[in-house]
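A.B. asks: Quick one: the structure is below, questions incoming.
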Amino acid sequence: MNKLFKIIILIFWASILFIFFKCQLYDHGIRKIICFLRSYPQYSALLFLVIASLRSFTLIPSTFFVIIAGMLFNPIEAFILAATANILSEVLVFFVAKFSFSPSYQNKMINKYPKIYKMVQNNTMQILALGVSSPIIPSDIVCLFCAFTGMSFTKYISTIFLADTPVIFLYTFLGISIKYSIYIFIVTLVAIIIFSYFNMKKLDSQME
C-alpha cells in the first residue's frame, strides 16, 4: 500500500509539472499566472485555489500566490482563498510525509537539515509557527519535520492557521496595494520586512 501510494504521488507530481510547463506558468513569474487566471474569469477563484494548493508540488513559494490573490480578488475573497489554499497545501505536505517517506529517506532529510530538525524536536509548535510565518524559511521543510516527529494533525493544522493568518493578511494587503497606492505598498512592504526580521531573530535564538 505504501509503495502504491508513492507511485501515485510521483505520477501526480509529474502530471502537475507537465501541466504547468504546458501552460507556460513558469514563464514571467507572477504575471503569467495572473494572465492565465484572468483568461478564465468565471473559474478564476477555483483555478487559483487548485493551483495555489498544489504549490508544494510546483515548487512555487506561497508568498507569490498570496500576492496574486490580493491583485485579482476583492480583499475578503483574496484572504479566504489564500488562507484556504495555504492550509490545503500544508495538509498535502503532512500526509505525503506520513505515508510516502520511508525511514531511510526521513533520516536523509534529517541529516541534510540537522539544525532545523533539532529545533523542531525541541519546540515543535513554536518552530512550526515561526517557520510557516516567515517568507525566508523553507516552510515545507519545517512542516515535513513536524510530521516526522509525530506531531498530531490537529495541532499541526491549528498552529499553521494561527501563525499564518496575520502573514497572509499582510501579503494580501500588499497585493491589493499594488493596484491603488505606491505609498501603501511601501508601508506594507516595510511592515513585512520588520515582521520577518523579528521572526529570524527568534529562530536564531532557538539555534544557539
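Cβ atoms are placed via backbone N, Cα and C, with glycine included.
As annotated by TrEMBL, domain 'VTT' applies to 60-176. TrEMBL lists 6-25, 46-73, 79-101, 127-150, 156-173, 180-198 with the feature transmembrane segment.
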A.B. asks: So which of 6-25, 46-73, 79-101, 156-173 is most in touch with the transmembrane segment (127-150), counting Cβ pairs under 8 Å?
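C.D. replies: Stretch with maximum Cβ contacts: 156-173.
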A.B. asks: Other than its close neighbours in sequence, what residues sit by the transmembrane segment (79-101), given a CB gap under 8 Å and a spacing of at least six beyond its ends?
C.D. replies: 2, 5-6, 9, 45, 48-49, 52-57, 62, 65-66, 69-70, 73, 109, 132, 139-140, 143-144, 146-148, 153, 156-157, 160-161, 164-165, 168-169, 171-172
A.B. asks: Could you pull out which residues elsewhere in the chain have a CB under 8 Å from any CB of the transmembrane segment (156-173), counting only those six or more residues past its ends?
C.D. replies: 63, 66-67, 69-70, 75, 78-79, 82-83, 86-87, 90-91, 94, 125, 128-130, 132-133, 135, 143, 146-147, 184, 188, 191-192, 195
A.B. asks: Can you name the far-off residues of the same chain, 6+ from the ends of the transmembrane segment (6-25), with a Cβ under 8 Å from a Cβ of it?
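C.D. replies: Distant contacts of the transmembrane segment (6-25): 32-33, 36, 51, 54, 57-58, 96, 100.
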A.B. asks: Could you count the residues of the domain 'VTT' (60-176) that DSSP puts in helix, in strand and in coil?
C.D. replies: 99 helix, 0 strand, 18 coil
A.B. asks: Return the average pLDDT for the domain 'VTT' (60-176) as a whole number.
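C.D. replies: Per the prediction, mean pLDDT sits at 81 for the domain 'VTT' (60-176).
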